[in-house]
Amino acid sequence: MSLSNKLTLDKLDVKGKRVVMRVDFNVPMKNNQITNNQRIKAAVPSIKFCLDNGAKSVVLMSHLGRPDGVPMPDKYSLEPVAVELKSLLGKDVLFLKDCVGPEVEKACANPAAGSVILLENLRFHVEEEGKGKDASGNKVKAEPAKIEAFRASLSKLGDVYVNDAFGTAHRAHSSMVGVNLPQKAGGFLMKKELNYFAKALESPERPFLAILGGAKVADKIQLINNMLDKVNEMIIGGGMAFTFLKVLNNMEIGTSLFDEEGAKIVKDLMSKAEKNGVKITLPVDFVTADKFDENAKTGQATVASGIPAGWMGLDCGPESSKKYAEAVTRAKQIVWNGPVGVFEWEAFARGTKALMDEVVKATSRGCITIIGGGDTATCCAKWNTEDKVSHVSTGGGASLELLEGKVLPGVDALSNI
């Protein structure tokens, strides 16, 4: 899935035109303060390009959080983003208190030349996702006629459409696939992300190592399956390693994560790895805890000793880190999706931190290192390594689906060239 046959912003004539742009400003917030502005910064080049090339206006639309179609301005307003964007762009940003309807259409119909306008959270309307919840929390579906009206209103806000929301590219939501304008182009962030993944998956440097962490095997089955056709080596770490170790080594895992569904296909995955000549590295030792808690009592365990009843593994141990480091040293290209321990808690962060240090070291010797968004991107922010690896993806779910070999609806909807 690349952008090679799709219209991109650098080929779009924006002079004198109103540009309506879907961005991903779904940033982490604490008490209405933005805690990581990576996604806002990432959209700036596309916005600046439009302004520098004489666009009449740039109307920005995004979601934030999961309000499920209910307006929650106190919790999920994009207003703080307008303030942040103003300081990043060095110019005024007009914030509108809705994203569709007559007042919004009027404000966007004939704005002053060079205006930047940010709409309120798209997901305050159930028509964006097509489903949500009502005020009492019951599931609701959007009516088709109302979805049409919502999409028609968004389409009135610009003359051309740009999608730079890679983080939402795997969602067939109204703002991603339903804006009906003659020209629909991918923005620079979308282009950068897709080019990186296309190169990594279609013509990788070898040896190619995938590092897969996270909790559930079942969630990552398609990922493991698809990557086994592409890589030379694979590290399987994090919570899902316990399902592998229990099935393959009959290891005692205590109350560690065990995935019943995933367990059924562990042997199939391992035989595919063998058939494809992929070297698999699993953890051999662990930092354990007597409960899932930041301040739990901690212990050590190995695959041979097993994890005692009532205890769980929350990080890999030093021997595993050594094995992981050896795999990283052999690689010329690395794709990393999912942490190898509960990195949010100091006591269980060492394994992921040690691995990050090795990946940074590998990058400095010329290895291509790609971090699939989500938790692994958060690790980069936490340890300040975002500019010490080749590419940190802004999209967790979107990068996951690309690595699984899927077509992204948001990219599919762009104009062909």
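Cβ from N, Cα, C; glycine included.
Fair warning: this is a prediction, and the values are worked out from it, not measured in the lab.
Record check: Swiss-Prot places Gly238, Phe343 at the ADP site, and the matching candidate among Gly214, Gly262, Gly317, Gly372 is Gly214. Considering Lys75, Lys106, Lys230, the record held by Swiss-Prot lists Lys75, annotated as N6-acetyllysine. When Tyr196, Tyr324 are compared in Swiss-Prot, the phosphotyrosine annotation sits on Tyr196. Between the binding-site residues Asp219, Glu344, Asp375, Asp375 has the most other Cβ atoms inside 10 Å of its own Cβ, all protein chains included. Following the DSSP three-state reduction, the secondary structure of Glu344 (AMP binding site) is coil.
With respect to Lys75 (N6-acetyllysine), the closest of these recorded positions in Cα terms is Leu122, chosen from Gln38, Leu122, Ser203, Ala218. For Gln38 ((2R)-3-phosphoglycerate binding site) paired with Thr376 (ATP binding site), the C-alpha to C-alpha distance reads 14 Å. For Lys6 (N6-succinyllysine), the nearest neighbour among the listed binding-site residues (Ser62, His170, Lys220, Asp375), judged by C-alpha distance, is His170. According to DSSP, Ser4 (phosphoserine) is assigned to coil rather than to any helix or strand. Lys267 (N6-acetyllysine) is 18 Å away from Ala215 (AMP binding site) when you measure Cα to Cα.
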